[in-house]
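Student: In case it helps, TrEMBL gives these features for our protein:
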type	residues	note
DOMAIN	5-168	domain 'CSC1/OSCA1-like N-terminal transmembrane'
DOMAIN	189-345	domain 'CSC1/OSCA1-like cytosolic'
DOMAIN	358-623	domain 'CSC1/OSCA1-like 7TM region'
TRANSMEM	6-24	transmembrane segment
TRANSMEM	86-110	transmembrane segment
TRANSMEM	147-166	transmembrane segment
TRANSMEM	359-378	transmembrane segment
TRANSMEM	398-421	transmembrane segment
TRANSMEM	451-476	transmembrane segment
TRANSMEM	482-501	transmembrane segment
TRANSMEM	551-582	transmembrane segment
TRANSMEM	603-624	transmembrane segment
TRANSMEM	630-649	transmembrane segment
C-alpha cells in the first residue's frame, strides 16, 4: 500500500471524527429530542434546559470532554457498576502499555529502522510513493548490532506488561471481593440452578427437587422454583404489549378520526369506535394470556430444572460445589444469575441437549470463520492495484486516477472489512444464546470470547498470511515454520493495519457518541409504527462488540511495536479517544443490565498473554531471518517465563472470579444475622425466580385510566 493512499485514509477518517465530535458537543446543549445518544441525561433532567432552540447552542463545548476525562472510579461504580470500572481499567491498562511502546518504538526503534540501509531501492526524494518498509525492522541490515535494540525492547515490554497484568489482576480481584462485601443481600447469592432433575413415574419435577434437598440439605434448604416452558406464552404477551402501545398512541392522537383496517372501502369511523375496538381486542388477548398461564402452571409444562434457594450463602456454595447425584449428568448445579439476568428463552433442560448444542455452535463458528475469508480475500485484492486490474479490467482507466487509486487501496479495504465485521457480534451473541447459557451476562461473555478469537484469526492471521483457510491451517501444522512465516508477513501488513486502526478505531469510537445504528433503528420503528412519543430506554453496554476491538488493538500494539513502530501513535490516539468517549457513555448513556463483578478481566488477561507469546514467536523469526542467532536463542526464555507467570496468576487470582471463598461467604452471612431486613428478604426470595411470563398482567384497565385522564377537563 502506498503512503499517499494511507494518508488519504487517515485524512478521511480524521475528518469524520472531527465532524462527530463537533456535532455531539453541539447537540448536548440542544433541547429534548436527541434521546438516542443520551437517554440517562434526559431521564434525569440534566440536559433538558430550555425547550426553545438557540443558535448559540450550536457552538461546540469541550466541557463534557473534561468531565469525562476527570471522572472517578466511584462515579463510574455508582452509575454503571463494577463492570464499567473494570472496562475503564482495561482502557487505562492499554494506555500505559501503548505509552511505553510509543516511547521505545517511536523515539528509539523508529530512528534505528529509518537509518538502516537494507532496502536500497527506496526513493527518498519521493517518499509519498515509496513503501513504508523503511520505517520497519526490514530496513535494518542483516546481522547488524542495531538489532539488539529490538531485542532489548522485546524484553522490556514483556516485563512491563507482566508487571501491569499482575498489578491489575490483584486490584480487580480485591475490588471484586470488596464489592461483594459491601453489597446488600441479593437473590443470586443464595440460589443455585439445578438441571437434569431425575423424575420418577407419577412424581412431578417440583416434588423431586423438594424431596432431594430436604433429605440431603435439610438445615440449609429454603425453597425452589421450577422452570416451565413459556415460549408460546411470551409470543402472546408480546402481541398484547404491542396492541397496548398502539391503543395508548391512538388515544393520545389529536386527529378526529382514523380509518379502521377492514372497514368497508376505507370508510372512516369515529375515533372512539376504533378505540373501543382495540380495547375489546386487548381484553380478549389478556384473557387468552391468563388461560395459557394457567395451562403452563400445570405439571405437564415443567422443565427438568429448578432454581433452589438456601438460608445462607455458604449453604448455597456448598451445594454448588458438591456433586449432587451418583450420576454426574443428573442434578447438575451451577450458580444462579440475578433474577433480571436470567435468559428464559431456549432454556436447555438436560445435560445431553446442552452438550449437543455446544457442539453445533462450535461447528457453526468454524464455518463462519471459513466463510469470512471471502471478504478478506476481496479486501486483500483491493490493496493490490495490479491484482484488482486483473480481476476487473474495465476499471483500469478509473484506477489510474491518483485520488481514486488512493481511496480504493487506502480507505476502501478497511471500510469494507469493518462493514462485514459489524455483523459478527450479533451473530456470535445468537450462537452463544443457543449454546445453553442461562444468563444474559454469560451469553455476552461467551460472545465476547468468540468475537475476540474470530477477529484475531480473520483480521490478523488471514490478512497477514493471505491464503486460503487450508493453507493457513497447514502453516500452523508445521510449528517450526510459524516464526519465520510470521516474521516475513507481519511487517508487510503494517500499512493495512494502520488504516484499519483509523477506520475501525477512530471513526467507530467517535460514532459511538451518536449511537448511529440505534438512532436509525429508532427512526425506522417510528416510521412503521407511527409512534412519535419519546420512550427513554437505558441501553446496555455492548461488551461483546467493544471489548474484542480494544483487545485486538492491544495485540496490534504489542506485536507491531518493535516491527513497525509507526502504528503506535495511531493506537495511542485511539485509546485516548476510547477513554474519553466510553467514560462519557457509561455516565450519561448506558445503564447496567447485569453485573458480573469484573468477570470480564480473565478474558483480558488471557488475550494479553497470547499477545506476548505471539510477539515472542515473531521475534524469534525476525532475529533468525536477520542472521542474529544469539538474539533468537535468547528470546526463547521469554515465552517460558510468560507461561509460568500465567500459570501463577491462574492459581492466585482466577479462583476469585469463579467463586467466593468460605471466609468471605461466612463473614457476609454473619453480618446478615443482625440485619433487621433479613426476614423480609427471605420472604421475597421465595418468589424471586418466578418466570416473568407467569406474572399477572392487566393492560386494559391502564388504557381505560389513560382514556379517562385524556378526556377529563383540566
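A Cβ is built for glycine as well, from the same backbone N, Cα and C atoms used for every other residue.
What you see is a predicted model, and the numbers here were worked out from it, not measured in a lab.
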Student: Looking at the domain 'CSC1/OSCA1-like 7TM region' (358-623) alone, can you tell me the average pLDDT?
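Tutor: Looking only at the domain 'CSC1/OSCA1-like 7TM region' (358-623), pLDDT averages out to 78.
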Student: Cβ under 8 Å to the transmembrane segment (359-378), counting only same-chain residues 6 or more beyond its ends: which ones?
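Tutor: Same-chain residues near the transmembrane segment (359-378) but 6 or more away: 416-417, 420, 424, 427-428, 431-432, 434-435, 450, 454, 457-459, 462-463, 468-469.
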Student: If you count Cβ pairs under 8 Å, which stretch among 147-166, 482-501, 630-649 touches the transmembrane segment (551-582) the most?
Tutor: 482-501
Student: For the transmembrane segment (603-624), what are the same-chain contacts with Cβ under 8 Å, counting residues 6+ beyond its ends?
Tutor: 90, 93, 137, 147, 150-151, 154, 157-158, 161-162, 165, 169, 445, 448-449, 452, 456, 482-488, 490, 547, 551, 554-555, 558-559, 562-563, 631-632, 635-636, 638-639, 642-643, 646, 649
Student: Using a Cβ cut-off under 8 Å, which residues of the same chain at least 6 positions beyond either end of the transmembrane segment (147-166) come close to it?
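Tutor: Residues 93, 96-97, 100-101, 104-105, 108-109, 112, 137, 140, 558, 561-562, 605, 608-609, 612, 615-616, 619, 622-623, 626, 628, 631, 634-635, 638, 641-642, 645, 649.
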Student: Apart from its near flanks, which chain residues at least 6 from the ends of the transmembrane segment (86-110) lie with a Cβ under 8 angstroms of it?
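Tutor: Non-local partners: 73, 76, 135, 137, 149-150, 153, 156-157, 160-161, 164, 168, 171-172, 175, 541, 543, 547, 550-551, 553-554, 557-558, 561-562, 565-566, 568-569, 571-572, 575-576, 578-579, 582-583, 586, 598, 600-601, 604.
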